[in-house]
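Colleague: Feature annotation from Swiss-Prot assigns compositional bias 'Basic and acidic residues' to 60-71. If you look up Swiss-Prot, you'll see 143-241 marked as domain 'CRM 1', on the strength of sequence analysis. Swiss-Prot lists 263-359 with the feature domain 'CRM 2', giving sequence analysis as the kind of evidence. If you look up Swiss-Prot, you'll see 24-82 marked as region 'Disordered'. The feature transit peptide is assigned by Swiss-Prot to 1-14.
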Amino acid sequence: MLLPRDLLLLPWRRATAAGEAIARRLNHHRAPPFSDPDDDPPFTRLAERPPRAPSKKKKKEEEDQGGRIRPPEPASSDLPFDFRYSYSETDPAWRPIGFREPTRFSPFGPGRLDRPWDGVAAAAARGEGAGAAATSREEVLGEPLAEEEVAQLVERYRHSDCSRQINLGKGGVTHNMIDDIHNHWKRAEAVRIKCLGVPTLDMDNICFHLEDKTGGKVIYRNINILILYRGRNYDPKQRPQIPLMLWKPLAPIYPRLVQNVADGLTFEKTKELRNTGLNSSPLMKLTRNGVYVNVVDRVREAFKTVEVVRLDCSHVGSSDCKKIGVKLRDLVPCVPLLFKDEQIILWRGKVKQENSVSLQFSPEPS
């Protein structure tokens with residue numbers, strides 16, 4: 001006979017037995033614990049797979065990559081001009097007085113070009129290649145475009161949302177840009193070039209080097225926007241081979257742009273002109289990476305009435321200020337007197353002053 005207390009305990013004992021059976025089944029299926037005390041039980045250890053042997057395809061890609069770094073034979077190009085980093089912003093007549101890196105380090109890479117690098121340019125072999133290149137350029141351009149054809153191309157490529165656009169910055173017409181232009185010419189008849197910064201001081205120079213180095217023709221020019229046409233008979237399969245520069249070479253060291261005493265002046269007069277320029281109001285305020293197509297004309301016009309001109313180049317950068325001064329020296333022409341706190345002081349020069357005086361007092365022809 002069961003007592004009431006036993007009746008109350010019987011369901012509890014049955015539940016305990018059932019729980020023990022479930023626990024035994026769970027322990028049977030549970031993986032044995034790891035011996036390593038650093039293992040975290042909530043996470044499952046993945047089996048370590050042995051490293052796979054490199055496939056033949058991957059090995060071939062590595063060999064090709066190694067070949068691109070140091071090819072078995074150096075590349076050669078039939079282009080008749082010397083290879084430089086920038087064609088429009090450097091002048092072959094400028095001779096450096098030193099280099100910031102050894103000249104044996106060619107920016108084309110070790111053993112990748114058959115032209116020796118002298119620290120400034122990779123000179124081409126002198127021969128009769130220039131005449132042949134000019135003849136081939138005329139053949140590629142073909143017959144001149146009609147006005148209707150020019151208008152159609154301009155309407156297609158002149159807009160700002162054009163996908164065939166190349167931005168030309170303070171580096172000017174660079175060597176690798178020539179390859180970019182030919183890449184666009186594979187699928188487009190023309191390419192839109194947007195020019196900004198220091199090179200816009202001389203747009204004629206940019207147009208000349210674009211046509212001379214690529215073989216195309218500028219069919220549209222509006223302020224700083226150019227459209228470069230490839231030619232009627234252009235064949236992408238016969239494009240010239242252009243070895244690419246792998247890095248930008250360090251600029252050589254050139255003589256000082258500003259002398260302590262300007263030519264034809266004394267030290268006191270030079271100092272007086274510098275103070276006069278600093279205390280005068282600026283002729284123009286130039287912005288960084290702006291469009292400077294009208295700066296040369298405005299400086300020339302100002303020199304008709306004043307002797308010293310100041311240009312405010314705040315936030316332009318000291319490097320760009322000196323580049324602007326070099327271009328204005330050759331284009332105006334004038335004499336840079338001072339570069340201080342991103343301010344450019346220009347003097348019209350003694351020769352120009354004497355010419356203006358002689359013209360003022362010269363008798364009129366009878």
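Keep in mind that glycine also has a Cβ here, set from the backbone N, Cα and C atoms.
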Colleague: Quick one: mean pLDDT on the domain 'CRM 1' (143-241)?
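Modeller: Taking every residue in the domain 'CRM 1' (143-241) and averaging pLDDT yields 94.
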Colleague: Based on DSSP, tally up the residues of the domain 'CRM 2' (263-359) by helix, strand and coil.
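Modeller: When I sort the residues of the domain 'CRM 2' (263-359) into the three classes, I find 45 helix, 19 strand, 33 coil.
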Colleague: Based on DSSP, tally up the residues of the domain 'CRM 1' (143-241) by helix, strand and coil.
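Modeller: Going by DSSP assignments, the domain 'CRM 1' (143-241) contains 41 helix, 23 strand, 35 coil.
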